[in-house]
Structure formats: structure tokens, C-alpha cells
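Features of the protein shown, as given by Swiss-Prot:
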TRANSMEM  20-40  transmembrane segment
TRANSMEM  42-62  transmembrane segment
TRANSMEM  69-91  transmembrane segment
TRANSMEM  123-143  transmembrane segment
MOD_RES   Thr187  FMN phosphoryl threonine
TRANSMEM  215-235  transmembrane segment
TRANSMEM  242-262  transmembrane segment
TRANSMEM  267-287  transmembrane segment
TRANSMEM  301-321  transmembrane segment
TRANSMEM  322-342  transmembrane segment
Amino acid sequence: MVFRIASSPYTHNQRQTSRIMLLVVIAALPGIAAQTWFFGWGTLFQIVLAAITALVAEAIVLRLRKQSVASHLQDYSALLTGLLLAVSIPPLAPWWMVVLGTGFAIIIAKQLYGGLGQTPFNPAMIGYVVLLISFPVQMTSWLPPYEIAATTPDMLDTLRMIFTGHTASGGDMTLLRIGIDGISQATPLDTFKTSLRAGHSVEQIMQYPIYSGALAGVGWQWVNLAWLVGGVFLLWQKAIRWHIPVSFLLTLALCAALGWLFSPATLASPQLHLLSGATMLGAFFILTDPVTASTTNRGRLIFGALAGVLVWLIRSFGGYPDGVAFAVLLANITVPLIDYYTRPRVYGHRKG
């Protein structure tokens, strides 16, 4: 009788990093399609710019570090970083912003720390926060969804806006942000926070066109549901684990429900938190980054819950309308501590 002898581990996962990254890119397609449908061609153009910048920046740094360019680019991590940053910024943001943010994410936030697997912070969110702090006006200049927009740029005008700041007829961002009610529009979360500070009641705010007939803002709820579809695909493919997105969404919903219950006149409803902004994108595509998230199951639950609390606090009491990027980076800081206290006990270990 012949016995097969093998060393541990006895179960193997043959899925390579490049396959995981490619699955995430594929899972992002519903969200990209929804954003393009509601906000125009700019989303696709920003993705192309970010992808080119990410690949070029990665190649240059790898060449300087005397590492194999081809093998590293084939893991698709740079491409994914550019994609996540591109879908997070306004579709008509100037071209140099996505180039600057993506370059910073790849060169400083990723390669400076040693490359893939060495970064303590999510590179895409580092790039996003750098842009948000440096250029707050441009980073909050989202177009109204097409169905409530007074003017909608076509593909060529979108290109002109990104590269020149004006349409063929001389229109600018101020004109394009005007809604059907003649008032400059913002995202649902931005509108909610700004209007509250102006002294408007929640009941008045919910009558604005951006919330008309919608659970959480015209267009935005469908964008979030599209990212949710992509997230479910990742769970089905076992590209990510359920712990972080579930704990994040449940904690955010719980905090929002309690806040809304005790202060409905000043705090947003749970559905607004769950289906607006970057909630689903953050839950399934950003927080689940295996490099910067916790590595134990208990740690993942804590990590996701912490991010959920931080998002709610920033949105409700902070200076920024969304807060997902800041919550991700703040949660990243705690990962070593979380992993230290949640690591499994070694078999045979006994308390002293």
C-alpha cells in the first residue's frame, strides 16, 4: 500500500492575488454603471485617467526600485486603487485632481511603504482624503442626478469640462449643478448637513427635489444598491468575508436608528445613512481590503463596527457630509491593536 505524505497545511487555496483583484474590478461594474447612468460619462473618464496614472506611477516606482514591472502590474492592485479613487470623486472634477490623487495613492501611500501587502492605510482613501482636504470645493461639486438636473452635458461636453472647465456653449460647473428647481444641487448627505446648519427642519429638507420620491436621495439609493449587488457577488465568490461589511452596516444602522429615535429633528434617518454617499462602496470594496483590515474574524467584526460608529459620528456631528474615507483611515490605525487582542490562542497555551 502506498501512502501519500504531505506537509501542512493540508488544504490549499490556489486563488492568486491577481484573481482576487480582478474579481473586485468585475464586482465594481454594477456600481460604475449606475454612477454613469445617473451622473454621466465623467465617471468613466475619471476611471480611465486614474487607471493610466496608477499604472504609470507604479511602473516608474518599480523601475526605480529595480523590481519587475510586468509581474507587479499583473496583480491589478494599482488598477483597483485607481478605480476606487475615481468612483469616489465628482465625475467632472478637473483632470489634474484625479492624476494628483492617484499618483499620491500609488507613490506615497503604497510604494513608499514597500508596495502591496505592506501598507497600513488604504491607498485609495489616502489619495481621496488628500484631495478632499486640499481642494474641498472641487471635491464636493457633484452634479445632480440627470432626472433632476436642469442641464445635462453630453459626452464631448463632459470631456471639455474635465480638461478645460467649460462646455462648448461656455457653461461651467455652477450652471451644471443647478437643478430643475433653479437651485444649485449637492449630494443628499451634503444637502442634509448644510440645510440643518441653515436652520431648516428635517421635514423641510425632505421636501427638496433631491429626496423627491426616494428613500435616500434621487439616484444615490440606486447607486448604493448597485454597489451592494457587487458586494454580494464578492461574498458569493468568497473574495471577501462577511464579517466586516455586515458589522459595519449593522452598526451604522443601529447608531442611525437610535439617533433618529431620540433626535428626529436634527439627525438623519437610517435609510439615508445606508443608501447615500459611499456607504455600500465602503462596506464591500474599501473596508474589506485584506492588507489594511483586521486579520481575525473577531477582529473583523470589531473593525467593521468601529468604522460604522465613526461614519455615523462624522456624518452627524463632524465637518464633512460623508465621512467614510476618514472612518476607514481611523479604523486602519487600530488594526494592530485589534489583531493583538483578538488573535487565536495557540493550541496548548494556558493562562498564567
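Cβ coordinates are placed from backbone N, Cα and C, and glycine is handled just like the others.
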Query = Taking the transmembrane segment (20-40) as reference, which of 123-143, 215-235, 267-287, 301-321, 322-342 has the most Cβ pairs under 8 angstroms?
reply = 215-235
Key: Proximity verdict for the transmembrane segment (322-342) and the transmembrane segment (215-235), three or more C-beta pairs under 8 Å   = no
Cβ contacts under 8 Å made by the transmembrane segment (69-91) with residues that lie 6+ beyond its boundaries = 16-18, 21-22, 24-25, 28, 31-32, 35, 39-43, 45-47, 49-55, 57-59, 62-63, 97-98, 101-102, 105-106, 110, 115-116, 123-124, 127-128, 131, 138-143, 158, 278, 281, 285-286, 325
Close approaches to the transmembrane segment (215-235) from elsewhere in its chain (Cβ under 8 angstroms; 6 or more beyond its ends) = 23-24, 26-31, 33-35, 38-39, 144-148, 187-189, 209, 241-242, 245, 271-277, 279-281, 283-285, 288
Task = For the residue listed as 'FMN phosphoryl threonine', name the DSSP secondary structure in the helix/strand/coil scheme.
result = coil
Inquiry  = Just to confirm: which same-chain residues, 6+ apart in sequence, have a Cβ under 8 Å from the Cβ of Thr187 (FMN phosphoryl threonine)?
reply    = Thr140, Trp142, Ile210, Gly217, Trp220, Ser276, Gly277, Pro321, Asp322
